[in-house]
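Peer 1: Submitted below is the structure of interest, expressed as structure tokens.
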Amino acid sequence: MKNVIEFQATLSRGQFQFDMKCVFGEGITGIYGPSGHGKTTLLQIVNGLLSPDKGLIRIGDEVVLDKEKKIDIPSRNRKLGVVFQEGRLFPHLSVEDNLRYGEKLLPKSQRHIQFDDVVSTLEIGHLLKKKPEQCSGGEQQRIAMGRALLRSPQLLLMDEPFSAVDVALREQILVYLVRIHRKYRIPMLVVSHDLPDILRLTDEILMVRDGRIEAFGKYLDLVLSRKMLPRSSGEGLLNVISLYVDEVDEERGITTLTGEKGEKKVKVHCEACNEGVALGREVKVSVPPGDIAISLHPVPEISIQNQLEGNIKRLLHENGQVVCLVDVGFPLLVELTRSSTERLRLEVGMKVFCLFKSMSVRVSELT
Amino acid sequence: MTDLFHFTASDLSAISLSLKVAIWSSVIALPFAIAIGWFLARNHFRGKALLEGVIHLPLVLPPVVTGYLLLIILGTNGIIGKWLYDLAGIRIAFSFYAALLASVVVSFPLITRSIRLAIELVDVKYEEAARTLGASRLKTFLSVTLPMASPGIISGFVLGFARSLGEFGATITFAGNIEGETQTLPLAVFSYMQVPGQDTATFRLVMISVLLSLLAMIVAEFLNRRAIKRSKR
């Protein structure tokens, strides 16, 4: 694989010790962990604004940092696109000049990404003549993404892209991030302290704690290997599934989604999506595991519409709670209390029904 | 009363000399002030307080002392001045250049201070962003730092200009009071005051002095406000 990022660095700053080593793949990697534990430090070392005590970084074929060989390519010569937490658009320049700032400093032969293309992908054409301060938070974030993209980078770094905007806008930012990734196929490192935000974007998670990598891998594997279990109720788990829009019933306020695995067709009902959602469109669906109930039999006389049949694959006991993995056509995590588990005598291999309300299903339209 | 608006040739020469000195001294001081202002705003090092002290010295020293020190250094018998005179026949003291130099030295700390504060107000984060976008340090400075600090730089320039207009002590000590060559507005006022019965003539120049200074301060204040408004974004 060409587009991989090899990273290794140690840094000591007073009390804070940073020591990480990993290889990032071509997709989107979510870097998750509490504030002040080294997520931003990791990005700063990659983008060259911070030089570690020891380290080696390779982006694609190019070694941008090798402390032993005294290689330390300055930030401006690393082929990276950086989107900062607060956007950091230049206030004295117009939106267009902001977008072109990095592009102009790039030799023509290295400009793979076209200006018009980025502007239309991010839908910022109407803002070009404005000053950044005249744009909304979400628009500013998109302009910052565009500015980074126009560096034709080999890697995109995003530091808390969601934190500067309110919850409603996060969804919007996610949409554009996914769009960028699908279109330009640039590997991305996305830092966030909010797990659900990351999971809606990717299931490849790097967990950071105390300046170290606590876990790295597919989300579900991390959960099943107990590397990411709810330590406290705050750090919740989340099911994020890709499904397709099957039917929209505006009158009944219900949208039906399907996921396919083999011959089995799984139907999930949720609240009506936005008007005009195209049938067959791919969406990301999230359901908190704590919102799912388990029943041994279907429950016909109940308001809950989603009753998915599946087999228990794993049962993990943790602090009086049980995390149960059910295969309903796709893997579904369910959080239960130990007493419920014992009452139902749940065991691996049992056939159960996962019940959740349509209102617990959150849909992100990502395409 | 007609005397109040009747400017003599020496009056006009004092006014034009004052403007010439003030404009030139601010123009000459500006690039150095930008360099030093940036250096002080963006670097932390040992002995920074000492350097700041030296740079700001002319701001607090009695201007006569500044002029005297210039005379010791650059006078025909001064440490460097003697050498300059013997080697190249250059005489700085008691010439237009002395008036200019006195003005630069006295206004420099004022300009530097204003520029330094303006640069400190520019968040380093913007400079970092520029660097990740491919800009060299110089390009970053020219395209991000300087434009973002520009209101403060302009206001520093105007302050320096105003300070030059008012310069008296260092000029009379180092450059003397030579009509047409070093006699600026304040020196001309001083000369009129020495002669009895020249109240009207004195007032004529005082009026011009007040007007020019007021104008400079109004411009500085206007630019200052714009700078503050910008930095609050």
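Counting starts with 1 at the first residue shown.
Cβ coordinates come from backbone N, Cα and C, glycine included.
The structure displayed is predicted, hence computed values, not measured ones.
Straight from TrEMBL, here's the annotation block:
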DOMAIN    B:15-224  domain 'ABC transmembrane type-1'
TRANSMEM  B:21-41  transmembrane segment
TRANSMEM  B:53-80  transmembrane segment
TRANSMEM  B:92-111  transmembrane segment
TRANSMEM  B:141-162  transmembrane segment
TRANSMEM  B:201-223  transmembrane segment
Peer 1: Mind checking which residues reach the transmembrane segment (B:21-41)? Cβ under 8 Å, same chain, six or more beyond either end.
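Peer 2: Beyond its ends, the transmembrane segment (B:21-41) has Cβ neighbours at 48, 51-52, 55, 96, 99-100, 103-104, 107-108, 111-120, 141, 145-146, 153, 156-157, 160-162, 164-165, 167, 184.
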Peer 1: Under 8 angstroms, Cβ to Cβ: which one of B:53-80, B:92-111, B:201-223 has the largest number of such pairs with the transmembrane segment (B:141-162)?
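Peer 2: Stretch with the highest Cβ contact count: B:201-223.
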Peer 1: Excluding the flanking five residues on each side, which residues at least 6 beyond the ends of the transmembrane segment (B:92-111) place their CB within less than 8 Å of a CB in that stretch?
Peer 2: 17, 21-22, 24-26, 28-30, 32-33, 37, 55-59, 63, 66-67, 70-71, 74-76, 78, 81, 84, 156-157, 159-161, 163-164, 167, 170-171, 173-176, 178, 181-182, 184
